[in-house]
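Enquirer: Quick paste of what Swiss-Prot says about this protein:
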- 48-53, 74-75, 111-112, 139-140, Lys244, 273-275: NAD(+) binding site (BINDING)
- Glu75: site 'Plays an important role in discriminating NADH against NADPH' (SITE)
- Tyr225: substrate binding site (BINDING)
- Tyr235: active site, proton donor (ACT_SITE)
Amino acid sequence: MIIKPKIRGFICTTTHPVGCEANVQEQIALTKAKGKIANGPKKVLVVGSSSGYGLSSRIAAAFGSDAATIGVFFEKPGTEAKPGTAGWYNSAAFDKFAKAEGLYSKSINCDAFSHEAKQKVIELIKQDLGQVDMVVYSLASPVRKLPDSGELVRSALKPIGETYTATAVDTNKDCIIEATVEPATEQEIADTVTVMGGQDWELWINALAEAGVLSDNCKTVAYSYIGTELTWPIYWHGALGKAKMDLDRAAKALNDKLSVTGGSANVAVLKSVVTQASSAIPVMPLYIAMVFKKMRQEGLHEGCMEQIYRMFSERLFRADGAKPETDSDNRLRLDDWELREDIQQHCRDLWPQVTTENLSELTDYQEYKAEFIKLFGFGIEGINYDADVNPYVEFDVIEL
């Protein structure tokens, strides 16, 4: 079939398998160009490995460090009549390129929050790898099915205490709007912590540790974002921030446990990037369009792949073997360039000046749109989008 982009809300409902493969190929090429990561991990589990930072982590491990990888994700395959999700095609492409280089690659399509997923991964590690020396936790899900009760809990991207009103961009109409978001209830805050906090990360690490499949020096990392006062009302000071603070709590508990044998657990605070996850957060697309333009001008721009490669090579797996630099809460900070005072001041000054008319001139909004559509495999140079493609793509994946 011939596949064209169809946007609804902040999701593109169609995906292009060839375009998604090209995205993965580009990230692999970028990793290889940067060179091998000295002291890198060799056996890596990535929970949430099909897009965004999770996918880049799997690529950094495999193509930057020749690691065997197991990827866990929840994606929909394509059929002959309908494309699958971008994450399915990303994972299929990763698997193809990893196997072509003789790298071990296994993938599990399942609900990562379930007990079954954890048991299956343990079984697979025991059978094929013995132990893993790195676990990346990179889930971004709006809903979690509690593994014991089966209850469905939903997260809320809302402020706390008062209604939040700010200038934002309507990405469908390409115009500047006033976005108003009502505050979260106590229940919504608690639910957001349940879905996006550190509880499931702890369940994963504890299950893996009890099964004896973590190496003594195993490192685990979970991803977070803090930002600055520009996005704090909706993010760090909102319901989502409470969940990310719970991630910090979990990191401390896990680090206390893993450090006994020489392992570690850290939250890595990353920069804002164009992902399916960030596009859903009110105000983030406009902020990203502003900050990206300034960071590009300063020569500091990084996408997911550059960020993660830097985290691997300059933080967790340093060539000199030294312990990574952390902040006072033991977090790895890779938002250091974005948070530079001149960059944040630029955004503070610019925010009130942005109108529908000058949006493309003052910010990287057009680039934001292009990067967003690229997540789904569209708008990539060298691909003929009028050509017939088969949306049904098979690969070596375990379905639970």
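Using the three backbone atoms N, Cα and C, a Cβ is placed for every residue, glycine included.
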Enquirer: Which of the recorded positions Gly48, Gly52, Phe74, Tyr235 has its Cα nearest to the Cα of Tyr225 (substrate binding site)?
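Expert: Given the candidates Gly48, Gly52, Phe74, Tyr235, the nearest one is Tyr235.
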Enquirer: May I ask which residues of the same chain, at least 6 positions away in sequence, place their Cβ under 8 angstroms from the Cβ of Gly52 (NAD(+) binding site)?
Expert: Ser138, Ala140, Val273, Thr275, Gln276, Ala277, Cys304
Enquirer: Around Tyr235 (active site, proton donor), how many other CB atoms lie within 10 A of its CB?
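Expert: There are 25 of them.
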Enquirer: Compute the C-alpha separation of Glu75 (site 'Plays an important role in discriminating NADH against NADPH') from Leu139 (NAD(+) binding site), stating it in Å without decimals.
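Expert: So the alpha carbons of Glu75 (site 'Plays an important role in discriminating NADH against NADPH') and Leu139 (NAD(+) binding site) sit roughly 12 Å from each other.
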Enquirer: Please report how many Å separate the Cα atom of Phe74 (NAD(+) binding site) from that of Tyr235 (active site, proton donor), as a whole number.
Expert: 25
Enquirer: Can you give me the same-chain residues 6 or more apart in sequence from Ser50 (NAD(+) binding site) with a CB-CB distance under 8 Å?
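Expert: Long-range Cβ contacts: Gly71, Phe73, Glu75, Thr85, Ala86, Gly87, Trp88, Asn90, Ser91.
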Enquirer: So what sits near Lys244 (NAD(+) binding site) in its own chain, CB-to-CB under 8 Å and at least six residues off in sequence?
Expert: Met196, Gly197, Ser224, Tyr225, Ile226, Trp236, Val267
Enquirer: Could you find out if DSSP has Lys244 (NAD(+) binding site) as helix, strand or coil?
Expert: helix
Enquirer: If you draw a 10 Å sphere on the Cβ of Gly48 (NAD(+) binding site), how many other Cβ atoms land inside?
Expert: 26
